[in-house]
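Shown next, in C-alpha cells, is the structure this report addresses.
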C-alpha cells in the first residue's frame, strides 16, 4: 500500500507541474495579444526597405569609363566588362556590361568602389524568374530605373520601424 501512495503523490506533483507549464505558456500568449501582427500579406502589402538596403544594381552606361574596378573588387569576379581601346583618343570605349544576379551575392563592393558612381543599389528585390538565364542582366536591363514600391498604388506599403515601448 505504501508504493501506491507514493505513486499517487508523484502523479499529483506531475499534474501540478504540467498545469504550471501550461499556465506559463498561456501567460506568454496573453502578453502577445495586444501587439501588432508581425506577418504581412506579401503580394498585396510590402515593407518599405531601408536606405541601406542592397537590392538590384542600377547601371548608368554613359558614366562608365571601363576601368574594371568593379571586377577587381568583386569577391566572385562577376561583372563582365567588354571594352575597346580607341587609339585616336587613347581611351577605352565601353561595349558591353553585364551582371548575372543568379550568382551575385549583393555585397555592394562594386557600388562602393566605382570611381564614377555609375553603379548604385536600388530597393528592388523581386528578381525571381523561371529561367536562371533571365537573371543575366546586360547594360540595357541594368539601366532600367527601378519602380518604387511607394509609388505603386496597387500595393499597401508598411513602414518597418521598431515599436517604441512606453
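Backbone N, Cα and C atoms are what each Cβ position is placed from, and that goes for glycine too.
Swiss-Prot lists 64, 67, 70, 114 with the feature [4Fe-4S] cluster 1 binding site. The Cβ of residue 64 ([4Fe-4S] cluster 1 binding site) has 19 neighbouring Cβ atoms from other residues within 10 Å, across all protein chains displayed.
Marked as [4Fe-4S] cluster 2 binding site by Swiss-Prot on the basis of sequence analysis: 74, 104, 107, 110. Within 10 Å of the C-beta of residue 107 ([4Fe-4S] cluster 2 binding site) we count 14 further C-beta atoms, all protein chains included.
The list of residues near the domain '4Fe-4S ferredoxin-type 1' (55-84) in space but at least 6 beyond its ends in sequence, with Cβ under 8 angstroms from a Cβ of it, reads 49, 91-101, 103-107, 109-125, 127, 139, 142-146. Summarising the annotation, Swiss-Prot assigns domain '4Fe-4S ferredoxin-type 1' to 55-84.
Averaged over the domain '4Fe-4S ferredoxin-type 2' (95-124), the predicted model reaches a pLDDT of 94. The domain '4Fe-4S ferredoxin-type 2' annotation in Swiss-Prot covers 95-124.
Counting Cβ atoms from all protein chains shown, residue 110 ([4Fe-4S] cluster 2 binding site) has 22 others lying within 10 Å of its own Cβ.
Comparing Cβ neighbour counts within 10 Å across the binding-site residues 70, 74, the minimum falls on 74. Counting only same-chain residues six or more apart in sequence, the Cβ atoms lying under 8 angstroms from the Cβ of residue 67 ([4Fe-4S] cluster 1 binding site) belong to 92, 115, 116. The Cα of residue 70 ([4Fe-4S] cluster 1 binding site) lies closest to that of 110, out of the binding-site residues 104, 107, 110. Spacing of residue 104 ([4Fe-4S] cluster 2 binding site) relative to residue 114 ([4Fe-4S] cluster 1 binding site) is 17 Å (Cα to Cα, whole number). In sequence order, 69, 70 are the residues near residue 114 ([4Fe-4S] cluster 1 binding site), counting only same-chain partners six or more apart with C-beta under 8 A.
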